[in-house]
Amino acid sequence: MATLLSVRRARWRDYLELTKPKVVVLMLITSLAGMFLATRAGVSWSVLLFGNLGIGLCAGGAAVVNHVVDRRIDALMARTHKRPLAQGRVEPLPALLFALALALLGMVLLLVFTNALTAWLTLASLLGYAVLYTGFLKRATPQNIVIGGLAGAAPPLLGWVAVSGHVSAEPLLLVLIIFAWTPPHFWALAIHRKEEYAKADIPMLPVTHGERYTKLHILLYTLILLAVSLLPYAIHMSGPLYLVCALALGLRFLQWAWVLYRSSRPHAAIGTFKYSIGYLFALFIALLLDHYLLLNL
């Protein structure tokens, strides 16, 4: 009985791992930010709960498809070789059915508790990541994460539209921030894992153009990100608190990118990658704090 329970528990964990829960949580933080930034009043509990649940389920479904398509690549890379599909703990067909179930349930929740526009935008994001990026761009071009990054940048727009019911300039600006953040975030990881990507024949920028070229582009995109992150203040979407935070966080990111560009230390790339995660989290927290501070003035 104990053995059977341990197998079932492991299988449950395997399916949870397929959804990339840590990535989904970061996406939902930006979705939540989009929801609260969209209104000067409170967000209804049904939209808050079921809207984010629907977005999260669809994101999880897209992640499962990514695992299925990349299972052979994952088996070749040290970072991913222990994933459930790469090790054969979960078969492709059950995984695809699981992905379909997640996506369908997520779409139903969005259609029932938010609005049709949110549901269709979420579906477009899902297909962009699971089909366009995973199925084609990842293996086709070193600009894969630049083009495919748009799908991953959608959550704040989805959260905003779930509350407002329409698309406006402000949520598109939030999308632009994540879009500019994506290349330095992923290219830093790609430098750290360059040999693994080369072994798996994935044309990441460090593999096709070299580390020096990639580091320069990380630096350039970080400069673009710093400029873009100041736009919410420029259009009076946010106030001085956000401006100070965006400058401090952005300049620190720029320092990481500069150190990476100038340094040959092996840990500089992974340090930049890790900072980029905290950067995005802190930037959206700053947006929220500033938003509600302005409302109370």
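Glycine is treated like the rest: Cβ placed from N, Cα and C.
Keep in mind the model is a prediction, meaning the values are calculated, not measured.
Marked as transmembrane segment by Swiss-Prot: 23-43, 45-65, 93-113, 117-137, 145-165, 171-191, 216-236, 241-261, 277-297.
Sequence-distant contacts of the transmembrane segment (277-297) (same chain, six or more residues past either end, CB-CB distance under 8 Å): 26, 29-30, 33, 36-37, 40, 156, 174, 177-178, 181, 185, 229, 232, 238-242, 245-246, 249-250, 252-253. When each of the listed stretches 45-65, 171-191, 241-261 is scored by C-beta pairs under 8 angstroms to the transmembrane segment (117-137), 45-65 comes out highest. Sequence-remote contacts of a segment are chain residues at least 6 beyond its ends whose Cβ falls under 8 Å from one of its Cβ atoms, and for the transmembrane segment (145-165) they are 27-28, 30-35, 37-39, 43, 47, 51-52, 55, 59, 110, 114-115, 117-118, 121-122, 124-126, 128-129, 132-133, 137-138, 171-172, 174-179, 182-183, 186-187, 284.
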